[in-house]
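The feature compositional bias 'Low complexity' is assigned by TrEMBL to 15-27. Among the features that TrEMBL reports, region 'Disordered' is placed at 15-61. Annotation source TrEMBL lists compositional bias 'Acidic residues' at 49-59. As annotated by TrEMBL, domain 'Yip1' applies to 101-272. Per TrEMBL, the feature transmembrane segment maps to 120-141, 161-185, 197-222, 228-250, 257-281.
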Amino acid sequence: MAAVGDLQFEEFGNAAATAAENPGATTISIEGPGESPTHQAGLPRGSGGEEDDELLGNDDSDKTELLAGQKKSSPFWTFEYYQTFFDVDTYQVFDRIKGSLLPIPGKNFVRLYIRSNPDLYGPFWICATLVFAIAISGNLSNFLIHLGEKTYHYVPEFRKVSIAATIIYAYAWLVPLALWGFLMWRNSKVMNIVSYSFLEIVCVYGYSLFIYIPTAVLWIIPQKAVRWILVMIALGVSGSVLAMTFWPAVREDNRRIALATIVTIVLLHTLLSVGCLAYFFDAPEMDHLPTATAAPNQTVAAAKAR
(Lines of atoms letter the chains of each structure in order from A and count residues from 1; the text may use other names and numbers.)
(Lines give C-alpha, C1' and ligand atoms only; values in the text may rest on other atoms or scores of the structure.)
Protein backbone atom coordinates (compact mmCIF):
# COMPACT_ATOMS: atom_id res chain seq x y z
CA MET A 1 0.00 0.00 0.00
CA ALA A 2 1.43 3.36 -1.00
CA ALA A 3 2.26 5.86 1.69
CA VAL A 4 0.54 9.20 1.92
CA GLY A 5 3.68 11.00 0.87
CA ASP A 6 3.91 8.96 -2.34
CA LEU A 7 0.52 10.17 -3.56
CA GLN A 8 0.76 12.79 -6.31
CA PHE A 9 -1.82 14.67 -8.35
CA GLU A 10 -1.41 14.58 -12.09
CA GLU A 11 -2.82 17.40 -14.19
CA PHE A 12 -4.54 16.46 -17.38
CA GLY A 13 -4.76 18.55 -20.50
CA ASN A 14 -7.23 21.34 -21.11
CA ALA A 15 -10.83 20.14 -21.03
CA ALA A 16 -11.64 22.25 -24.06
CA ALA A 17 -8.93 20.54 -26.06
CA THR A 18 -10.20 17.15 -24.95
CA ALA A 19 -13.72 18.05 -26.03
CA ALA A 20 -12.37 19.21 -29.40
CA GLU A 21 -10.58 15.92 -29.94
CA ASN A 22 -13.59 13.84 -28.84
CA PRO A 23 -16.78 15.65 -29.87
CA GLY A 24 -19.00 12.98 -28.34
CA ALA A 25 -17.36 13.15 -24.94
CA THR A 26 -18.76 14.96 -21.93
CA THR A 27 -16.47 16.69 -19.46
CA ILE A 28 -17.31 17.53 -15.86
CA SER A 29 -15.31 20.14 -14.01
CA ILE A 30 -15.23 20.53 -10.25
CA GLU A 31 -15.54 24.19 -9.38
CA GLY A 32 -14.73 26.07 -6.27
CA PRO A 33 -17.39 27.37 -3.89
CA GLY A 34 -17.37 30.87 -5.41
CA GLU A 35 -17.37 29.77 -9.02
CA SER A 36 -20.47 29.13 -11.07
CA PRO A 37 -20.78 25.61 -12.45
CA THR A 38 -20.30 25.17 -16.16
CA HIS A 39 -21.41 22.28 -18.31
CA GLN A 40 -19.52 21.55 -21.48
CA ALA A 41 -21.17 19.14 -23.86
CA GLY A 42 -20.00 17.99 -27.19
CA LEU A 43 -23.28 19.02 -28.87
CA PRO A 44 -24.42 22.60 -28.24
CA ARG A 45 -27.91 23.13 -26.89
CA GLY A 46 -29.97 24.12 -29.89
CA SER A 47 -33.47 23.97 -31.18
CA GLY A 48 -33.81 20.30 -30.28
CA GLY A 49 -33.49 21.06 -26.58
CA GLU A 50 -35.96 23.89 -26.83
CA GLU A 51 -38.46 21.62 -28.54
CA ASP A 52 -37.99 19.08 -25.77
CA ASP A 53 -38.71 21.79 -23.20
CA GLU A 54 -41.87 22.71 -25.03
CA LEU A 55 -43.01 19.10 -25.14
CA LEU A 56 -41.92 18.04 -21.68
CA GLY A 57 -42.23 21.38 -19.93
CA ASN A 58 -39.81 23.09 -17.57
CA ASP A 59 -39.64 23.64 -13.86
CA ASP A 60 -41.88 26.72 -14.00
CA SER A 61 -44.61 24.88 -15.86
CA ASP A 62 -44.35 21.97 -13.43
CA LYS A 63 -44.76 24.36 -10.51
CA THR A 64 -47.71 26.04 -12.20
CA GLU A 65 -49.44 22.72 -12.81
CA LEU A 66 -48.72 21.65 -9.24
CA LEU A 67 -50.23 24.85 -7.84
CA ALA A 68 -53.22 24.52 -10.14
CA GLY A 69 -53.74 21.00 -8.93
CA GLN A 70 -53.55 22.16 -5.32
CA LYS A 71 -56.21 24.82 -5.99
CA LYS A 72 -58.61 22.28 -7.49
CA SER A 73 -58.05 19.68 -4.81
CA SER A 74 -60.72 21.10 -2.47
CA PRO A 75 -64.09 19.27 -2.53
CA PHE A 76 -66.96 21.12 -4.18
CA TRP A 77 -68.96 21.34 -0.92
CA THR A 78 -66.25 23.38 0.83
CA PHE A 79 -65.95 27.16 0.94
CA GLU A 80 -62.39 27.03 -0.43
CA TYR A 81 -63.64 25.45 -3.65
CA TYR A 82 -65.91 28.41 -4.46
CA GLN A 83 -63.46 30.97 -3.13
CA THR A 84 -61.22 30.41 -6.14
CA PHE A 85 -64.01 31.63 -8.44
CA PHE A 86 -63.95 35.05 -6.73
CA ASP A 87 -60.16 35.35 -6.51
CA VAL A 88 -59.83 38.36 -8.80
CA ASP A 89 -58.58 41.90 -8.23
CA THR A 90 -60.14 45.21 -9.23
CA TYR A 91 -57.69 45.77 -12.06
CA GLN A 92 -58.65 42.51 -13.74
CA VAL A 93 -62.37 43.28 -13.43
CA PHE A 94 -61.94 46.77 -14.92
CA ASP A 95 -59.77 45.38 -17.69
CA ARG A 96 -62.41 42.81 -18.60
CA ILE A 97 -65.17 45.42 -18.50
CA LYS A 98 -63.13 47.61 -20.82
CA GLY A 99 -62.61 44.66 -23.14
CA SER A 100 -66.37 44.02 -23.26
CA LEU A 101 -67.05 47.66 -24.12
CA LEU A 102 -64.30 47.90 -26.76
CA PRO A 103 -64.23 44.60 -28.66
CA ILE A 104 -61.18 44.24 -30.89
CA PRO A 105 -61.74 42.47 -34.22
CA GLY A 106 -59.57 39.39 -34.52
CA LYS A 107 -58.95 39.19 -30.77
CA ASN A 108 -60.48 36.45 -28.66
CA PHE A 109 -62.07 37.84 -25.48
CA VAL A 110 -61.53 34.62 -23.55
CA ARG A 111 -57.87 34.21 -24.44
CA LEU A 112 -57.14 37.90 -23.99
CA TYR A 113 -58.90 38.52 -20.66
CA ILE A 114 -60.58 35.45 -19.15
CA ARG A 115 -58.51 32.29 -19.58
CA SER A 116 -55.73 33.27 -17.17
CA ASN A 117 -58.19 33.54 -14.27
CA PRO A 118 -61.92 33.03 -14.97
CA ASP A 119 -64.10 34.45 -12.21
CA LEU A 120 -67.70 34.76 -11.06
CA TYR A 121 -67.21 37.97 -9.09
CA GLY A 122 -67.61 40.29 -12.07
CA PRO A 123 -70.56 38.49 -13.71
CA PHE A 124 -72.45 38.22 -10.40
CA TRP A 125 -72.22 41.91 -9.52
CA ILE A 126 -72.78 43.05 -13.09
CA CYS A 127 -76.04 41.08 -13.18
CA ALA A 128 -77.06 42.38 -9.74
CA THR A 129 -76.37 45.99 -10.74
CA LEU A 130 -78.24 45.51 -14.01
CA VAL A 131 -81.28 44.13 -12.17
CA PHE A 132 -81.58 47.20 -9.95
CA ALA A 133 -80.77 49.56 -12.82
CA ILE A 134 -83.60 48.13 -14.94
CA ALA A 135 -86.11 48.02 -12.07
CA ILE A 136 -85.38 51.53 -10.76
CA SER A 137 -85.14 53.08 -14.22
CA GLY A 138 -88.41 51.41 -15.22
CA ASN A 139 -90.20 52.91 -12.23
CA LEU A 140 -88.73 56.36 -12.88
CA SER A 141 -89.67 56.13 -16.55
CA ASN A 142 -93.25 55.31 -15.62
CA PHE A 143 -93.33 58.25 -13.22
CA LEU A 144 -91.87 60.75 -15.70
CA ILE A 145 -94.20 59.73 -18.52
CA HIS A 146 -97.31 60.51 -16.46
CA LEU A 147 -95.87 63.41 -14.50
CA GLY A 148 -98.33 66.29 -14.45
CA GLU A 149 -101.46 64.20 -15.01
CA LYS A 150 -104.00 64.95 -12.26
CA THR A 151 -105.61 61.55 -12.51
CA TYR A 152 -102.34 59.63 -12.20
CA HIS A 153 -101.30 58.20 -8.87
CA TYR A 154 -97.72 56.88 -8.69
CA VAL A 155 -97.29 53.50 -7.02
CA PRO A 156 -93.77 51.95 -6.89
CA GLU A 157 -93.68 48.57 -8.60
CA PHE A 158 -91.32 46.53 -6.45
CA ARG A 159 -92.24 43.37 -8.30
CA LYS A 160 -90.11 44.64 -11.20
CA VAL A 161 -87.02 43.86 -9.12
CA SER A 162 -87.91 40.18 -8.80
CA ILE A 163 -88.98 39.96 -12.45
CA ALA A 164 -85.76 41.61 -13.65
CA ALA A 165 -83.66 39.34 -11.39
CA THR A 166 -85.36 36.22 -12.74
CA ILE A 167 -84.86 37.29 -16.36
CA ILE A 168 -81.25 38.46 -16.04
CA TYR A 169 -79.90 35.61 -13.90
CA ALA A 170 -81.77 32.96 -15.89
CA TYR A 171 -80.26 34.34 -19.09
CA ALA A 172 -76.76 34.67 -17.60
CA TRP A 173 -76.74 31.04 -16.36
CA LEU A 174 -79.12 28.92 -18.41
CA VAL A 175 -78.04 30.17 -21.84
CA PRO A 176 -74.32 29.56 -21.11
CA LEU A 177 -75.22 26.13 -19.74
CA ALA A 178 -77.11 25.23 -22.90
CA LEU A 179 -74.34 26.62 -25.10
CA TRP A 180 -71.66 24.73 -23.18
CA GLY A 181 -73.60 21.49 -23.54
CA PHE A 182 -74.07 22.08 -27.26
CA LEU A 183 -70.36 22.84 -27.80
CA MET A 184 -69.38 19.72 -25.86
CA TRP A 185 -71.72 17.65 -28.01
CA ARG A 186 -70.34 19.10 -31.24
CA ASN A 187 -66.74 18.66 -30.05
CA SER A 188 -67.45 14.94 -29.65
CA LYS A 189 -68.37 14.81 -33.34
CA VAL A 190 -66.01 17.41 -34.84
CA MET A 191 -62.68 18.22 -33.23
CA ASN A 192 -62.55 22.00 -32.85
CA ILE A 193 -59.33 23.86 -32.21
CA VAL A 194 -60.92 26.22 -29.66
CA SER A 195 -62.94 24.99 -26.69
CA TYR A 196 -64.32 26.78 -23.65
CA SER A 197 -65.20 25.66 -20.16
CA PHE A 198 -68.57 26.42 -18.59
CA LEU A 199 -67.00 29.01 -16.28
CA GLU A 200 -65.40 30.83 -19.21
CA ILE A 201 -68.73 30.97 -21.07
CA VAL A 202 -70.46 32.37 -17.97
CA CYS A 203 -67.72 35.01 -17.73
CA VAL A 204 -68.22 36.07 -21.34
CA TYR A 205 -71.99 36.42 -20.93
CA GLY A 206 -71.67 38.20 -17.60
CA TYR A 207 -69.21 40.83 -18.78
CA SER A 208 -71.07 41.31 -22.08
CA LEU A 209 -74.09 42.55 -20.08
CA PHE A 210 -72.20 45.46 -18.53
CA ILE A 211 -73.04 47.87 -21.34
CA TYR A 212 -76.75 47.50 -20.51
CA ILE A 213 -76.23 49.16 -17.11
CA PRO A 214 -75.65 52.70 -18.50
CA THR A 215 -78.12 51.91 -21.28
CA ALA A 216 -80.86 51.11 -18.75
CA VAL A 217 -80.19 54.38 -16.95
CA LEU A 218 -80.48 56.32 -20.23
CA TRP A 219 -83.72 54.52 -21.03
CA ILE A 220 -85.35 56.91 -18.55
CA ILE A 221 -85.42 59.45 -21.38
CA PRO A 222 -89.10 59.43 -22.48
CA GLN A 223 -88.35 59.29 -26.20
CA LYS A 224 -88.89 56.02 -28.02
CA ALA A 225 -86.49 56.91 -30.82
CA VAL A 226 -83.68 57.59 -28.33
CA ARG A 227 -84.39 54.35 -26.49
CA TRP A 228 -84.27 52.23 -29.63
CA ILE A 229 -81.04 53.91 -30.75
CA LEU A 230 -79.50 53.11 -27.37
CA VAL A 231 -80.64 49.49 -27.45
CA MET A 232 -79.21 49.03 -30.94
CA ILE A 233 -75.84 50.43 -29.85
CA ALA A 234 -75.74 48.21 -26.76
CA LEU A 235 -76.84 45.21 -28.77
CA GLY A 236 -74.20 45.83 -31.42
CA VAL A 237 -71.36 46.08 -28.90
CA SER A 238 -72.33 43.16 -26.66
CA GLY A 239 -73.48 41.00 -29.56
CA SER A 240 -70.17 41.48 -31.35
CA VAL A 241 -68.31 40.33 -28.22
CA LEU A 242 -70.36 37.12 -28.14
CA ALA A 243 -70.10 36.50 -31.88
CA MET A 244 -66.33 37.07 -32.08
CA THR A 245 -65.74 34.94 -28.98
CA PHE A 246 -67.77 31.88 -29.98
CA TRP A 247 -67.13 31.86 -33.71
CA PRO A 248 -63.66 30.25 -33.32
CA ALA A 249 -65.30 27.47 -31.29
CA VAL A 250 -67.69 26.48 -34.10
CA ARG A 251 -65.96 27.51 -37.33
CA GLU A 252 -64.44 24.04 -37.80
CA ASP A 253 -67.92 22.54 -37.68
CA ASN A 254 -70.39 22.25 -40.53
CA ARG A 255 -70.91 25.65 -42.10
CA ARG A 256 -74.66 25.70 -41.60
CA ILE A 257 -74.41 24.53 -38.00
CA ALA A 258 -71.73 27.12 -37.24
CA LEU A 259 -73.75 29.98 -38.70
CA ALA A 260 -76.95 28.75 -37.03
CA THR A 261 -75.16 28.67 -33.66
CA ILE A 262 -73.92 32.26 -33.95
CA VAL A 263 -77.31 33.47 -35.22
CA THR A 264 -79.05 31.77 -32.28
CA ILE A 265 -76.65 33.40 -29.81
CA VAL A 266 -77.28 36.84 -31.28
CA LEU A 267 -81.06 36.29 -31.50
CA LEU A 268 -81.30 35.29 -27.83
CA HIS A 269 -79.28 38.37 -26.91
CA THR A 270 -81.57 40.52 -29.04
CA LEU A 271 -84.62 38.98 -27.39
CA LEU A 272 -83.27 39.88 -23.96
CA SER A 273 -82.56 43.49 -24.97
CA VAL A 274 -85.83 44.14 -26.77
CA GLY A 275 -87.85 42.28 -24.15
CA CYS A 276 -86.46 44.33 -21.27
CA LEU A 277 -87.05 47.57 -23.15
CA ALA A 278 -90.61 46.62 -24.13
CA TYR A 279 -91.68 45.28 -20.73
CA PHE A 280 -90.03 47.66 -18.30
CA PHE A 281 -90.07 50.91 -20.29
CA ASP A 282 -92.28 51.03 -23.38
CA ALA A 283 -95.42 49.65 -21.73
CA PRO A 284 -95.77 51.30 -18.31
CA GLU A 285 -98.81 50.36 -16.31
CA MET A 286 -101.21 53.21 -15.66
CA ASP A 287 -102.67 53.62 -12.22
CA HIS A 288 -105.28 56.37 -12.45
CA LEU A 289 -107.58 57.63 -9.76
CA PRO A 290 -111.26 56.91 -10.37
CA THR A 291 -112.74 59.65 -12.53
CA ALA A 292 -116.42 58.77 -12.41
CA THR A 293 -117.97 60.44 -9.35
CA ALA A 294 -121.69 60.86 -8.69
CA ALA A 295 -123.02 64.39 -8.89
CA PRO A 296 -124.72 65.79 -5.75
CA ASN A 297 -128.12 66.23 -7.44
CA GLN A 298 -128.02 62.63 -8.69
CA THR A 299 -127.38 61.40 -5.16
CA VAL A 300 -130.33 63.40 -3.78
CA ALA A 301 -132.65 62.15 -6.55
CA ALA A 302 -131.68 58.58 -5.85
CA ALA A 303 -132.40 59.05 -2.14
CA LYS A 304 -135.85 60.49 -2.84
CA ALA A 305 -136.72 57.65 -5.16
CA ARG A 306 -136.13 55.23 -2.29
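Heads up, the Cβ atoms here are built off N, Cα and C, so glycines get one too.
The average per-residue pLDDT of the prediction over the domain 'Yip1' (101-272) is 91, rounded to a whole number. Through the fold, the transmembrane segment (197-222) approaches residues 85, 96-97, 99-101, 109-110, 113-115, 118-120, 122-124, 126-127, 129-130, 133-134, 137-138, 140-141, 144-145, 168, 171-173, 175-177, 179-180, 230-231, 233-234, 237-238, 241-242, 245-246, 269, 273, 276-277, 280-281 of its own chain, all at least 6 residues removed from its boundaries and within a Cβ separation under 8 Å.
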